[in-house]
Amino acid sequence: MSILTRWLLIPPVNARLIGRYRDYRRHGASAFSATLGCFWMILAWIFIPLEHPRWQRIRAEHKNLYPHINASRPRPLDPVRYLIQTCWLLIGASRKETPKPRRRAFSGLQNIRGRYHQWMNELPERVSHKTQHLDEKKELGHLSAGARRLILGIIVTFSLILALICVTQPFNPLAQFIFLMLLWGVALIVRRMPGRFSALMLIVLSLTVSCRYIWWRYTSTLNWDDPVSLVCGLILLFAETYAWIVLVLGYFQVVWPLNRQPVPLPKDMSLWPSVDIFVPTYNEDLNVVKNTIYASLGIDWPKDKLNIWILDDGGREEFRQFAQNVGVKYIARTTHEHAKAGNINNALKYAKGEFVSIFDCDHVPTRSFLQMTMGWFLKEKQLAMMQTPHHFFSPDPFERNLGRFRKTPNEGTLFYGLVQDGNDMWDATFFCGSCAVIRRKPLDEIGGIAVETVTEDAHTSLRLHRRGYTSAYMRIPQAAGLATESLSAHIGQRIRWARGMVQIFRLDNPLTGKGLKFAQRLCYVNAMFHFLSGIPRLIFLTAPLAFLLLHAYIIYAPALMIALFVLPHMIHASLTNSKIQGKYRHSFWSEIYETVLAWYIAPPTLVALINPHKGKFNVTAKGGLVEEEYVDWVISRPYIFLVLLNLVGVAVGIWRYFYGPPTEMLTVVVSMVWVFYNLIVLGGAVAVSVESKQVRRSHRVEMTMPAAIAREDGHLFSCTVQDFSDGGLGIKINGQAQILEGQKVNLLLKRGQQEYVFPTQVARVMGNEVGLKLMPLTTQQHIDFVQCTFARADTWALWQDSYPEDKPLESLLDILKLGFRGYRHLAEFAPSSVKGIFRVLTSLVSWVVSFIPRRPERSETAQPSDQALAQQ
């Protein structure tokens, strides 16, 4: 290149061009790309006045305007990227420069839209005001009970007949399209309306569309003339029927969450009952158990009516000594039958309190736990169990490996934030094994904690409900614990839950037997069906391959009719669940959770259905470390197999599109879209299997609370605690303070009206943000520190409301990014024998994505550049 430029260009220009070429090479560009980049630069200088001030402003804003194009490392097709991005920017700039009449028209539309949203927001209050008289007087109150039942029966009968006609009426494609547009229009109108009416209306619309779909599938889409198509079609129909049943039961379960609030306790503390607190442990480290015991010691309850027990199934001397030192009771069994359930039942022989509260050994209760829960027991004598959420202050494997901790609701948020609240409406709250209070009398009547299944908690609540006792759920977190540290441990825990729920289904089926109300039966069945999702999920992940590889018509219908039935079913279900579950489960994330677990829960649930007594109990490990980032190849092996299988389907689909019958082209396209969606979800599952580093033994909890620090010379400075752990704190000093790294200071924290002092050492200083390391504490100081931090009554209450609102399209984009991230990890960590395949695939996707225009990264100087760009 230097010889050619020396011959064509004058020395100063040649030297500058050679310098630019070397700069490109230094930043990683290939020789070809660097040479081509220099050539494009020469053409730009010839045809574009780059020295003009407007072009200079654009060049200064290059990173903001062209964020995906690296000016220091050119690529061969960068001019195409510049052209696409420039057109994108010009379209955006022209929108801002619209003529005044258009701007006024647009403003008018915005005004109409704003008034519509305001009207929708005010509608529930208006309806409530107009119908207030109905709350004071029943319209049919003058009729006898029999007449009212007759009228209600007639209304229900006619409603069912109309629903049946609506579901079963056959439509041609045009009529089906018009019908769907009407329903979709209604859904768009009511979805922004606050209150429960809009959710109920969306449920009705979703059920209408989904029931029409499942009716159409059973009556019009099976190919009875082709055995292969029939078998594959029936397998898919089985999975879809399962999904439809779970959808219907799920709507029923959460249609009206109760949102129970605390009941005040009597002022006379002599009326407060006695409570035993059980903390069962088996193989956990003492450091995991200490915080739970320390927090239990600080629970606001009369000390003469509170007994704390360590139930040590490991029989360890250090635990017995610890219990003696802090003044709690200790029980160790000589035999270990029935695992945790047997451990608790053994302790029930010694505890004599009127109530028993159970905490897993890593669940730290707040000081207000009993005061928030016990009032309901005094109000309702038939109440046997009160459950509170399982809240976790450490990230679970999904949150940690994907970097989503406190950014996206975790896997358990839906159950503890919404499902249990919905169960409470139907008096079907499940006992979850921890963070709960149980009345001793009903517990003794059923023989203690159930031992026949490995999910003793749910089985115990089922037995209590069969006896006619009630249960309750309070959504306010009153304890927090450690999430599982690795994906393998997380999957092991879910396997146990899945097998246990299927065992209950076989051994004590809630659909049969006495004592349960109809609504309770449905709630229990839905919980058990949830854990049978493994096989249906695997079917969905492989179903389109039946057509691409086996030429089996799994849905024997024209592609247009498939689109007119399948897409509305999926869209309405997604829209409705986003409205109902948005705070607790973002759209499309259920696909990731179920895909990760599907392969592993399918075999044990199938075995439990056949032989419910087969299997063993496993204990979930807590408090471990992940010292290096790595791919769990054992766990991810099934996902990789499914990825490869779907890639084969893609290859065959491409061949069939170009060389297959023209009449099948649209069906091939539909199947390929399904395969690509499955590949995205499987890529997300692979991304979860990449274990991120976890090198902290003490997890940091982000929380703001006032504090103060005192230097050794007596100077006192106010500060705000930003995060804390069992080993230290992060604080922000209010104002100026001379704090040096390594300096010893005292930290002052308040609990109620009492102030506590803790010795610390400054570990780091960054401006007014300071990291403090706790110095060795006495036992009493450690108890006080836990009660001032982890056990504060307000520590966890606001976490559930901190998640952003669900936006389905943004959530879909997150899943797309997550899937691509999984394949990048495969390319990075894969063995050399297959690394090349994934590198080629990820490079190909990255290359295609690099041409997509980006939204400019705004800065204060970006606006003039946009205007300059529009004027060129």
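Backbone N, Cα and C define each Cβ position, glycine as well.
Swiss-Prot lists Asp313 (among others) with the feature active site, giving sequence analysis as the kind of evidence. A C-beta separation below 8 Å, combined with a sequence spacing of at least six in one chain, links Asp313 (active site) to Pro280, Thr281, Tyr282, Ala332, Arg333, His336, Ala339, Lys340, Asn343.
Taken residue by residue with DSSP, Asp457 (active site) is part of a helix. Counting every protein chain shown, the number of other Cβ atoms lying within 10 Å of the Cβ of Asp457 (active site) is 23. Feature annotation from Swiss-Prot assigns active site to Asp457 (among others); the stated evidence is sequence analysis.
Counted within 10 Å of its Cβ, the other Cβ atoms near Asp360 (substrate binding site) come to 23, all protein chains included. What Swiss-Prot lists as substrate binding site is Asp360, Asp362.
For 694-790, the entry in Swiss-Prot reads domain 'PilZ'.
For the region 'Catalytic subdomain A' (271-364), the model's pLDDT averages out at 93. Look at Swiss-Prot and you will find 271-364 tagged as region 'Catalytic subdomain A'.
The region 'Catalytic subdomain B' annotation in Swiss-Prot covers 441-501.
Among the features that Swiss-Prot reports, transmembrane segment is placed at 30-50 (among others).
Per Swiss-Prot, transmembrane segment is recorded for 151-171 (among others).
Positions annotated as transmembrane segment by Swiss-Prot, on the basis of sequence analysis: 173-193 (among others).
If you look up Swiss-Prot, you'll see 230-250 (among others) marked as transmembrane segment.
Residues annotated as transmembrane segment in Swiss-Prot: 525-545 (among others).
Swiss-Prot lists 547-567 (among others) with the feature transmembrane segment.
Sequence annotations record features per position, and here Swiss-Prot assigns transmembrane segment to 592-612 (among others) based on sequence analysis.
Taken from Swiss-Prot, the feature transmembrane segment applies to 640-660 (among others).
Long-range Cβ contacts of the transmembrane segment (668-688) within its own chain (Cβ-Cβ under 8 Å, at least 6 residues beyond either end) map to 397-398, 401-402, 487, 540-545, 547-548, 559, 562-563, 591-592, 595-596, 636, 639-640, 642-643, 646-647, 649-650, 653-654, 656-657, 660, 815-816, 818-823, 825-826. Per Swiss-Prot, the feature transmembrane segment maps to 668-688 (among others); the stated evidence is sequence analysis.
Swiss-Prot lists 833-853 (among others) with the feature transmembrane segment, giving sequence analysis as the kind of evidence.
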When counting Cβ pairs under 8 Å to the transmembrane segment (230-250), the leader among 30-50, 151-171, 547-567, 592-612, 640-660: 547-567
Helix-strand-coil residue split for the domain 'PilZ' (694-790), DSSP-based: 10 helix, 54 strand, 33 coil
Asp457 (active site) to Asp362 (substrate binding site) - Cα separation in whole Å: 17
Around the Cβ of Asp362 (substrate binding site), the count of other Cβ atoms that are within 10 Å: 25
Highest-contact recorded stretch vs the transmembrane segment (547-567), from 151-171, 592-612, 640-660, CB pairs under 8 Å: 640-660
Top Cβ-contact partner of the transmembrane segment (592-612) among 151-171, 525-545, 640-660 (pairs under 8 Å): 525-545
Chain residues outside the transmembrane segment (640-660) and at least six past its termini with a C-beta under 8 angstroms from it: 541-542, 544-545, 548-549, 668-669, 671-672, 675-676, 678-679, 682-683, 686, 826
Tally of residues which DSSP labels helix, strand or coil - the region 'Catalytic subdomain B' (441-501): 31 helix, 7 strand, 23 coil
